[in-house]
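Okay, handing you the structure first.
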Amino acid sequence: MALTICTRFTDEYQLFEELGKGAFSVVRRCVKISSGQEYAAKIINTKKLSARDHQKLEREARICRLLKHPNIVRLHDSISEEGFHYLVFDLVTGGELFEDIVAREYYSEADASHCIQQILESVHHCHVNGIVHRDLKPENLLLASKMKGAAVKLADFGLAIEVQGDQQAWFGFAGTPGYLSPEVLRKDPYGKPVDMWACGVILYILLVGYPPFWDEDQHRLYQQIKAGAYDFPSPEWDTVTPEAKDLINKMLTINPSKRITAAEAPKHPWICQRSTVASMMHRQETVECLKKFNARRKLKGAILTTLLVTRNFSAAKSLLNKKPDGVKVNNKTNLASSPKDTGPAPALEPQTTVIHNPVDRNKESTESANTTIEDEDLKARRFGNLSINSIWQPSVGRPQNSEPKQAPNSSVQTCQVINKARKQEIIKVTEQLIESINNGDFEAYAKICDPGLTSFEPEALGNLVEGHDFHRFYFENALSKGNKPVHTILLNPHVHLIGEDAACIAYIRLTQYMDGSGMPRTMQSEETRVWHRRDGKWLNIHFHRSGAPSVPIN
């Protein structure tokens, strides 16, 4: 699609309230003056984009303009002006499908069948037009309106690629970890079947409220997916019909050539004979699990969006977490003992999109998903919110070029060295904070902690504490610079980097001191601290401590 150049957007459209905001863009409601029709206009600040980014915008616009289906968010116009690019989409007001489900009074297998049918129809339309979405997940499944029975709309073609027929090729390691197919993880040629695998994951979640593949460790998560290691555990799956499980099995078939297609799946009895095959029983347990699943996704998204929008877009730092070809950042701090208890809790959350080097087929990534290996010519590039269909929530990044290029080893080594140095920096600032506590130096402590510091700690009896006043009391009444010597050891500190300007550290804290009778004592506590770098300075914004009080009270 040729972009319309030098057309005055404001001559044709009137802008209204803001709907959302990203790093380099803002989304506002607009009305076409000639027709009075409402749309959503994504306004991208092109002054911050490179020539290559402009090409990618044009490619994505071309893909979106090609797709005209009632279950796909449609791009109506693409207008380029000096310094800005305007993308005019359907105004989709119903929010996410998964959020709507948990608000319903009644939800059954038959409802899940109707949902997946619409998703499959949108995917089939993509495939017929030679488009592979590559990033099917709950965040990209929206509802046209808040009316009952509103159509499901597939959104965000930021990772979409164009293919010829049933072409299988290596288009790069791209997608969202929990929804990646085995062939992508094996670095094999792939094509349209990757979307059907993701549909299988989505259908699984629609039926029980948690994902089929989950693990707090990236490598183990990927091993599960490559092995197709999922099951239908009791008791929640006991009430799911065999036909529903059969469709999931056909979608989650490891061999892509034997996987059910987007044309075949709607003909499955569980979908085309829904009224007689799919169960009508209300699935309350699914709704409850889905609430936890949604809550975890939203919390992670809110934290990452804040970090991304406020980060320093320095070209010198861009090697750490460049995202022009990557997408949403991931952190590895959320753990869970069971997907049924708290929803998905792997190190790689299902909503976290990641892209790796498209040609390094033999190397299993040893970094967390927020590390993107890119081409030499991108080394000084900054990342931005370029996904032109991500209207309803800020996101960053774009798809990898389908033409594979080798990422130089020096880039990988440099990234590893910088990450290692930053982890040591987090350990050091944590030690400084602990030292200020041991010394009873509240002034030094306050300089290292954010004024809005939040915490869970034994002294607060399970309550969330905010600010410094709670801790000031202990500094002034239980601690002093003249106290007997206290020595603290941090055992096994583990640092997880969250973008360039945030990190989380977990460790065991051993505190040695002399009690009132002169006897040596040792206390142990387990701590997790979240750090955020602001104006070049690390500040502790949250901590969680269990075990004994942090400092002995004489």
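Every residue gets a Cβ built from N, Cα and C, even glycine.
As annotated in Swiss-Prot:
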{"type": "DOMAIN", "residues": "13-271", "note": "domain 'Protein kinase'"}
{"type": "BINDING", "residues": "L19, G20, K21, G22, A23, F24, S25, V26, V27, K42", "note": "ATP binding site"}
{"type": "ACT_SITE", "residues": "D135", "note": "active site, proton acceptor"}
{"type": "MOD_RES", "residues": "T286", "note": "phosphothreonine"}
{"type": "MOD_RES", "residues": "S314", "note": "phosphoserine"}
{"type": "MOD_RES", "residues": "S318", "note": "phosphoserine"}
{"type": "REGION", "residues": "324-375", "note": "region 'Disordered'"}
{"type": "COMPBIAS", "residues": "330-340", "note": "compositional bias 'Polar residues'"}
{"type": "MOD_RES", "residues": "T372", "note": "phosphothreonine"}
{"type": "REGION", "residues": "392-413", "note": "region 'Disordered'"}
Just how many other Cβ atoms lie inside 10 Å of the Cβ on L19 (ATP binding site)?
18
Mean pLDDT for the domain 'Protein kinase' (13-271), rounded to an integer?
91
Could you round the CA separation between K21 (ATP binding site) and T286 (phosphothreonine) to a whole angstrom and send it over?
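On Cα coordinates alone, these residues lie 32 Å apart.
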State the three-class DSSP label for S25 (ATP binding site), counting H, G and I as helix, E and B as strand, and everything else as coil.
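Looking at the DSSP assignment, S25 (ATP binding site) belongs to a strand.
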How long is the line from the C-alpha of S25 (ATP binding site) to the C-alpha of T286 (phosphothreonine), rounded to the nearest angstrom?
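Just about 36 Å between their Cα atoms.
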Should L19 (ATP binding site) be counted as helix, strand, or coil on the basis of DSSP?
strand
For T286 (phosphothreonine), what is the secondary structure by DSSP, using just helix, strand and coil?
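In the DSSP reduction, T286 (phosphothreonine) maps to helix.
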Rounded to the nearest angstrom, how far is the Cα of D135 (active site, proton acceptor) from the Cα of V27 (ATP binding site)?
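It is 21 Å, counting Cα to Cα.
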